[in-house]
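Student: Copying in the features that TrEMBL gives for the protein in this structure:
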- B:K265: active site, proton acceptor (ACT_SITE)
- B:G14, B:S15, B:G16, B:N17, B:W18, B:G19, B:F46, B:F116, B:A172, B:R331, B:K358, B:Q360: NAD(+) binding site (BINDING)
- B:K139, B:R331, B:N332: substrate binding site (BINDING)
- B:10-188: domain 'Glycerol-3-phosphate dehydrogenase NAD-dependent N-terminal' (DOMAIN)
- B:254-400: domain 'Glycerol-3-phosphate dehydrogenase NAD-dependent C-terminal' (DOMAIN)
Protein chains: 2
Amino acid sequence: MPSDKKPHTVAVIGSGNWGSTIAKILAENTASHPELFTPKVQMWVFEEQIQIPSDSPHYKRYGDKSQNLTEVINEVHENIKYLPGIKLPENVVANPDLGDAVKDATILVFNLPHQFIEKTLSQMQGKCLPYARAISCVKGVDVSDGTVTLFSELIMEKLGIYCGSLSGANIAPEVAAEKFSETTIGYDAPPMDLKAEDGSPSENRIKVDEQRQAKTKPTSVKLKRVPKELVTVDGELLRTLFGRPYFHVNVLQDVAGVALSGALKNVVALASGFVAGKEWGENGKAAVIRVGILEMVKFGRTWFPRSVDEKTFTEESAGIADLVASCSAGRNFRCAKHAVEKGVSVDEIEQTEMNGQKLQGTSTARSVHEFLEKHGKVDDFPLFSAVYGILEGSTSVDSLPKLLDKRFS
Amino acid sequence: MPSDKKPHTVAVIGSGNWGSTIAKILAENTASHPELFTPKVQMWVFEEQIQIPSDSPHYKRYGDKSQNLTEVINEVHENIKYLPGIKLPENVVANPDLGDAVKDATILVFNLPHQFIEKTLSQMQGKCLPYARAISCVKGVDVSDGTVTLFSELIMEKLGIYCGSLSGANIAPEVAAEKFSETTIGYDAPPMDLKAEDGSPSENRIKVDEQRQAKTKPTSVKLKRVPKELVTVDGELLRTLFGRPYFHVNVLQDVAGVALSGALKNVVALASGFVAGKEWGENGKAAVIRVGILEMVKFGRTWFPRSVDEKTFTEESAGIADLVASCSAGRNFRCAKHAVEKGVSVDEIEQTEMNGQKLQGTSTARSVHEFLEKHGKVDDFPLFSAVYGILEGSTSVDSLPKLLDKRFS
């Protein structure tokens with residue numbers, strides 16, 4: 001890289017276990033690449049008062065007095081509440097002030113639960129650099145009124161900055177413990193960024209809604225070019241920023257495929273849990289995973305025909321690898337399995353055993369079903385439909401094999 | 001189907017747990033489709049003397065006196081030795097005489113351990129119908145001297161009859177218990193069979209060695225057409241013969257891809273076991289599965305460029321589903337995991353804990369490595385090569401992540 005380019009400043013929005021893990025990775029890389037990045041990584045933390053558990057090694061320091069989470073993180077370099085036991089690099093700076101955390105950032109990394117994203121974006125409007133670039137690690141897509149909206153799109157629309165997506169087989173505590181895994185980044189760099197040297201226009205409109213076939217009015221966003229004085233934001237830069245010896249990164253252009261897989265896999269994970277609850281063994285689980293990946297491919301091909309590459313589903317960490325991991329572990333799988341074993345509905349398990357938290361798979365299965373109904377495509381997705389039917393109590397798990405092969409129905 | 005066509009007669013060669021399970025499925029289908037098949041299914045059984053275990057419900061009938069396995073099967077309709085507890089349909093006929101078992105068969109199903117296949121084929125020469133068609137359920141491929149030979153090819157060459165292949169995520173006892181699973185049949189019906197009505201020649205030569213690039217002399221086999229008086233052997237007939245409500249069948253033309261996946265997945269299953277032994281969790285296992293499927297695709301694309309369809313690996317039960325099942329269960333996975341946990345070699349686990357049986361994955365990993373070395377392609381298959389290195393003691397499991405991403409080596 002030429003040394004006359006200015007380095008990027010990175011901020012993370014969100015500080016749950018996955019947000020803190022990503023902040024750790026980013027800070028490890030910014031520290032070792034000062035020619036590309038300012039070492040300090042701001043991490044916006046929704047401030048809360050915490051008490052240090054008495055079995056924490058930090059209890060001696062703080063005692064029973066409640067503390068600001070941000071102060072504790074900055075003092076002991078550990079997110080004691082959401083990622084206990086993992087040392088964060090000292091160049092991660094917890095910041096309770098959203099505007100202050102993002103004001104200098106040229107690369108923004110969104111990593112917070114999807115229910116908080118809209119409100120957070122509203123608070124950020126006008127506070128981030130107009131030429132910043134973003135990566136969304138937010139899982140799920142928003143499906144409503146026959147429209148699929150990716151969170152990367154929502155970020156683009158609300159903030160007017162380009163946004164890619166990151167997803168993969170990344171159970172956070174395992175990544176935080178530096179156990180081997182892989183991830184996928186979808187980032188289709190705006191051409192004007194890549195050609196900044198040749199004097200491409202400093203701003204341009206890009207369409208963000210190729211997939212919203214049900215919309216009457218196309219949406220586009222006016223983007224500002226990343227100033228040519230800054231290091232170019234391309235796949236190579238993102239691999240350097242996110243990749244670690246224990247965390248391998250593939251960068252693709254397929255932003256939509258990466259985000260879609262991260263959402264749809266939860267529906268398949270429920271099906272895998274149902275099959276496991278019936279004790280149908282590894283064959284049955286493998287069959288559900290296989291049919292699931294095909295329906296994910298078909299969903300992408302049908303509604304995102306120009307942008308989705310089906311290899312994202314069949315060959316990438318965001319696709320098949322995350323699906324396999326979610327179908328063997330994870331909350332959707334476990335709750336569905338437990339529901340079948342106990343002979344109750346998944347809703348009941350959610351209510352009685354999840355402390356008021358909601359499963360991502362159940363809401364995705366319901367909104368995907370509503371979406372398919374609106375488009376008259378329910379029959380083309382027998383697994384997704386069966387999962388919906390089982391959740392609603394209108395279909396039995398025993399009928400699943402029959403529903404998946406019309407010859408036997 | 002027109003009723004003026006003569007039905008097929010089916011025989012199974014082999015009677016282990018998978019052979020007996022397949023015989024059960026075939027007999028269920030021949031019984032319910034007498035217009036397509038003679039109900040009786042001959043199953044060749046390598047005759048042995050067995051003693052009925054004292055906890056078997058059949059002990060009362062036989063007592064301690066040793067019995068011919070075939071007679072017991074035909075009397076109690078259960079393969080007490082290899083598939084105990086599963087009722088076989090009464091139209092499965094165990095036959096200790098190989099020649100007699102196959103003499104009337106127009107469809108032969110091979111289902112025996114690969115080490116017995118050559119000898120069995122020699123004994124069958126001149127004893128089966130020259131226009132019979134075959135399906136090989138034999139797992140593995142024969143790799144030697146820089147040549148990959150599919151068992152379906154060996155059957156074609158030795159018997160002069162066309163042979164397809166069947167493979168999938170099919171742990172035998174689960175299929176026998178009628179738990180849901182799927183399978184894949186590769187069958188590229190000879191065109192003269194499909195056009196028998198139009199008077200296609202009654203015999204023709206087909207090439208069987210597209211993939212043997214290292215061979216100097218191409219091999220071809222003279223095939224006889226299936227007589228037009230018989231029901232046409234095509235994908236639909238095979239789906240009717242092998243498919244059950246609990247056993248879904250996809251028929252493809254890619255015979256080589258189906259057989260290759262069934263062999264190469266065992267190498268990946270070893271890698272998955274190594275990672276599990278290290279307790280790298282679901283992320284690490286999913287990563288190994290993903291890299292494994294890509295190397296399987298690359299292997300197929302490199303040496304079987306005209307015949308292999310990469311979707312067989314990424315979308316079929318013989319590919320991704322069988323791989324996922326084998327990477328979570330199965331002997332290769334378990335032994336590799338156990339070796340890492342105990343800090344010993346896989347060879348040692350094989351010797352001390354497998355009663356002299358050999359793992360399929362270890363021999364495949366070694367012969368694939370020899371093959372890759374011969375072709376100068378070791379570096380293009382870092383996972384396969386790492387598995388070989390770990391087996392040989394020259395590579396550590398800890399170096400696996402580094403070997404899979406050159407950026408960190």
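Keep in mind that glycine also has a Cβ here, set from the backbone N, Cα and C atoms.
Because TrEMBL annotations are produced automatically, they should be read as predictions rather than curated entries.
Remember, it's a predicted structure, so these values are computed and weren't measured experimentally.
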Student: Can you tell me the CA-to-CA distance separating B:W18 (NAD(+) binding site) and B:K139 (substrate binding site), as a whole number of Å?
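Tutor: A Cα-Cα distance of 11 Å.
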Student: Let me know how many other Cβ atoms fall within 10 Å of the Cβ of B:K139 (substrate binding site).
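Tutor: Excluding its own Cβ, B:K139 (substrate binding site) sees 21 Cβ atoms within 10 Å.
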Student: Across the record's NAD(+)-binding residues B:G14, B:S15, B:G16, B:N17, B:W18, B:G19, B:F46, B:F116, B:A172, B:R331, B:K358, B:Q360, the largest CA-CA distance in angstrom?
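Tutor: Between the outermost Cα atoms of B:G14, B:S15, B:G16, B:N17, B:W18, B:G19, B:F46, B:F116, B:A172, B:R331, B:K358, B:Q360, the distance is 24 Å.
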Student: Cβ atoms within 10 Å, counted per site: which of B:R331, B:K358 has the most, among these binding-site residues?
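Tutor: Checking each of B:R331, B:K358, the winner is B:R331.
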Student: Cα-Cα separation of B:K265 (active site, proton acceptor) and B:R331 (substrate binding site), in Å?
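Tutor: Roughly 12 Å, rounded to the nearest whole number.
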Student: For the domain 'Glycerol-3-phosphate dehydrogenase NAD-dependent C-terminal' (B:254-400), give the DSSP counts of helix residues, strand residues and coil residues.
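Tutor: Summed by class, the stretch gives 115 helix, 0 strand, 32 coil.
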Student: Beyond B:K139, B:R331, B:N332, what residues of that chain have CB atoms within 8 A of the centre of the substrate site's CB atoms?
Tutor: B:N266, B:A269, B:S326, B:G330, B:L359, B:Q360, B:G361
Student: Any idea which of the binding-site residues B:G14, B:F46, B:A172, B:N332 has the thinnest Cβ neighbourhood at 10 Å?
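Tutor: Counting other Cβ atoms within 10 Å of each of the binding-site residues B:G14, B:F46, B:A172, B:N332, the minimum falls on B:F46.
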Student: Quick one: of the binding-site residues B:K139, B:R331, B:N332, which has its CA closest to the CA of B:G14 (NAD(+) binding site)?
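Tutor: Result for B:G14 (NAD(+) binding site): the nearest of the binding-site residues is B:K139.
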Student: Let me know the most crowded of the recorded positions, choosing from B:G16, B:W18, B:K265 and counting other Cβ atoms within 10 Å.
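Tutor: Output for this query is B:K265.
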Student: Rounded to an integer, what is the Cα-Cα distance in Å between B:G16 (NAD(+) binding site) and B:N332 (substrate binding site)?
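Tutor: Here the two Cα atoms are 19 Å apart.
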Student: Taking only the residues in the domain 'Glycerol-3-phosphate dehydrogenase NAD-dependent N-terminal' (B:10-188), give me the average pLDDT of this model.
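Tutor: Within the domain 'Glycerol-3-phosphate dehydrogenase NAD-dependent N-terminal' (B:10-188), the model's average pLDDT equals 95.
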Student: Could you state the whole-number distance in Å separating the C-alpha atoms of B:R331 (substrate binding site) and B:A172 (NAD(+) binding site)?
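Tutor: With distance taken Cα to Cα, B:A172 (NAD(+) binding site) is 13 Å from B:R331 (substrate binding site).
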